[in-house]
Amino acid sequence: MNRSLKMGSAFIGIVVGAGFASGQEVLQYFTSFGYWGMGGALLAMLLFGYLGMILTGLGSRMQTVSHEEVVYSISGKFIGKIIDYTLILTLFGVLVVMIAGAGSIFSQQFGLPGAFGRALMTGLVIITIMMNVKKVIAIIGSITPFLILMIIGIVVYSIATKDLSFAALEPIAESQLSAAPNWILAAVNYVSLSIALCTSMALVMGGAEKNVKVARRGGLIGGLGFGFLLFLSSLAIFAKVDVVGGTDLPMLRIADNLSPVIGLVMAMVIFCMIYNTAVSMLLSFSARFASIGTPRFKIFVTVFGVIAFFLSFVGFTKLVNWFYPAVGYMGLILIASLILADLRKPKKLLKKTKL
């Protein structure tokens with residue numbers, strides 16, 4: 001059970017930076033639909049639990065070190081190639097969004113040029129990846145509990161101090177920028193996006209665990225845990241949407257209103273979670289083209305890290321509103337393949353383990 005909890009914590013850490021640490025994603029995908037958005041968050045939680053369990057289970061069965069083997073095994077050559085390219089695009093694109101988010105933290109919280117935060121994030125990510133994978137996973141898992149505590153505290157504060165009733169906040173929430181036309185599509189798109197961005201690293205984590213049951217349990221815990229935090233974040237932002245609507249980092253604005261000190265701590269936590277996701281994205285992206293630890297791998301990490309830095313100047317909110325939904329729609333093919341793989345239990349996967 002302890003190994004499952006560690007894997008679940010690492011799973012949350014991978015996706016939470018891109019998923020909702022800033023609050024901008026939650027605002028566009030859930031809060032912007034008011035009450036229905038809360039239902040969307042609950043739907044997403046259930047889907048995350050199921051799909052997380054499938055991912056880590058597949059990784060464990062095949063003892064994989066890259067998403068490529070699993071993707072082609074469960075979907076065939078043609079569909080597999082589409083999914084593979086989608087994942088590659090997702091890994092690099094989310095890296096760009098995360099670096100842009102780091103810039104927003106420094107400009108919103110500290111009044112510093114966004115370029116400083118972007119440069120700092122890029123440098124930290126490149127240096128971290130020069131370490132081995134086990135150390136990276138340990139770092140990711142260790143920071144997650146701090147974010148959980150911060151989110152719970154912010155939810156309690158937001159509900160206790162909200163100035164308007166939820167009924168009065170409803171039209172304000174619905175006036176915010178949305179990532180999809182309705183709450184169901186938004187929830188499914190969000191799950192598809194999040195699974196696409198965590199697939200590579202989740203498979204690698206599953207591959208590091210020989211016991212399939214432990215791996216599946218870890219994915220289930222991580223998926224449900226992430227979904228629950230997502231629901232809490234949605235509730236907090238809904239309660240304060242009249243204050244945080246229109247900001248790049250809603251969660252940070254709520255924390256800052258609570259206390260400048262808490263705002264500073266929250267800024268550090270969000271930065272760390274964005275850093276965790278950025279590390280996972282660049283690591284998985286580079287591992288797709290070169291063996292981890294080789295000179296070729298290090299060149300990939302450095303070159304594409306720098307390229308991502310320059311592309312991040314498009315802007316955080318714009319990238320979330322445009323790139324995230326696009327990846328979410330493309331990722332639906334992956335979701336369908338994962339569900340079919342779990343239902344069929346392909347023989348070539350079952351040969352890898354005794355179930």
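Any Cβ shown, glycine's included, is placed from N, Cα and C.
The transmembrane segment annotation in TrEMBL covers 33-55, 82-106, 112-129, 136-160, 180-208, 220-241, 261-285, 297-316, 322-343.
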Can we call the transmembrane segment (297-316) and the transmembrane segment (220-241) in contact, meaning three or more C-beta pairs below 8 angstroms at a sequence separation of 6+?
no
Using Cβ atoms only, state whether the transmembrane segment (82-106) and the transmembrane segment (33-55) have three or more pairs under 8 Å that are 6 or more apart in sequence.
no
Could you check whether the transmembrane segment (261-285) packs against the transmembrane segment (180-208) - three or more CB pairs closer than 8 Å, residues at least 6 apart in sequence?
yes
Looking at 33-55, 180-208, 220-241, which one has the highest count of Cβ pairs under 8 angstroms to the transmembrane segment (322-343)?
180-208
Residues from the same chain, set at least six apart from the ends of the transmembrane segment (33-55), whose C-beta lies under 8 A from its own:
11, 166, 169-171, 173-174, 178, 182-184, 186-188, 190-191, 194-195, 198-199, 202-203, 206, 216-217, 219-220, 222-224, 226-228, 230-231, 234-235, 238, 335, 338-339, 341-342
